[in-house]
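Undergrad: Take a look at this one; I'll ask things after.
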Amino acid sequence: MNKKIRVRYAPSPTGLLHIGNARTALFNYLFARHHGGDFIIRIEDTDRERHVEDGERSQLENLRWLGMDWDESPETHENYRQSERLPLYQKYIDQLLAEGKAYYSYKTPEELEADHAKQEAAGIPPHYINEYAGMSDDEKAAYIAERKAQNIEPVVRISVDEKAIYKWNDIVKGEIEFEGGNIGGDWVIQKRDGYPTYNFAVVVDDHDMQISHVIRGDDHIANTPKQLVVYDALGWEAPQFGHMTLIINSETGKKLSKRDTNTLQFIEDYRKKGYMSDAIFNFIALLGWNPGGEKEIFSREELIELFDENRLSKSPAAFDQKKLDWMDNEYIKNADFAKVFELTKPFLLAANRFDERAQELVKLYQPQMKSADEVVELTDLFYGDFPELTDEAREMLAAETTPLALSTFRAKLAELPESDFTVENIFPLFKATQKETGVKGKMLWMPIRIAASGSMHGPELPETIALLGKEKVLAHLDAALNK
């Protein structure tokens, strides 16, 4: 690539960072870092009605948590918010008006709605009907004077050549083209309140910031021909466009929707649950891109080195919560204990479980945790009531050999002094019980696990027994034997 690579992530401060937007930011980040280019953050805040207080800070904070850094942003550069760039937009709107490539439109919202209703009834795609069509200069002047007298604020529309073909070679999807007659007619570039529309402002910004590549979701494909109209009108070279496929829910096969409350979709949600940022970074990087091969766990450095825009998928990317949980578990169990302990600390404190056993319990359950907040549920056995047994667990306890195995193991545990109730001393008791009773394998350790912990699954059994303590374990075994 001969041109300096400059890409941008341009969020609107309208809420929390969504998985889909995080992917857009991440792919732009990987693309820039792989090619030694610039990654730019720009805030698109022209939609004042949807503006959320603190939305910008939240976006940047969550991007940082994911591990992204950037070269330019509103934090370091002036006029990187659209609301700060209004004079620049006005300059180019005035230029287009002066050149006859744009014009004031006085049609009211009610008139536009009536036009669209007629078009819909006739089976015609909605498009703007030029209000000046067929008017003489005098008629046009009279029409404008009448509208001004009624205090109707105009919008500014850009003229679209309906016979033109707007096409580009998409980085992801290949050749795409639109006929000028299929993009809705002359469209608004400046609203009644004086603010530019998205499709106009984004072109001015991308040109002004020398953006070389625009990588975004394929919901923006329909915006691209409109933006090309502006590039043509102003005589500017357009950047290369790439439109990533949508993200679908792996269970429903439908587009991931913010209304789907059964799926966590905001980065903030994963932060609050104690997911590891490295895992989320890794997972999102594979939503619609794959370096090839079977490997799925990659460091940030590996992802930057391997990233290839030519391997962006043309098929929808499946968001699989179970896959994400598996990946986070891989990161947690392989992370330094100190890091995992720090991650679990807020949850232990909130549950009033940050006591002398906290470190040992986190160490015990680190291999099992899919997110740090699970530490509370996993440690319930040590602080709450004995769990309700499943039917399968009850069936195992009802086995013919269970009473002998449990009573023998209990007797051996009872002989251990409190000071010797350690993993090193508990571990040999399983073999001793097997030797004495002839009960072995699953028929030995599974009933003991169920009786001691109330579960058929869990961390290493000797460690669990040692941490539960002699008194509690003996009480649990007695309860099982007396049923």
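In case you wondered, yes, glycine gets a Cβ from its N, Cα and C as well.
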Undergrad: What range among 11-21, 66-76, 110-120, 385-395 does Swiss-Prot record as motif ''HIGH' region'?
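TA: Residues 11-21 are the ones Swiss-Prot records as motif ''HIGH' region'.
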Undergrad: From the ranges 50-54, 180-184, 255-259, 270-274, pick the one that Swiss-Prot records as motif ''KMSKS' region'.
TA: 255-259
Undergrad: Could you give the mean pLDDT over the motif ''KMSKS' region' (255-259), rounded to a whole number?
TA: 78
Undergrad: Can you give me the same-chain residues 6 or more apart in sequence from Lys258 (ATP binding site) with a CB-CB distance under 8 Å?
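TA: The list for Lys258 (ATP binding site) reads His18, Gln265, given in order along the sequence.
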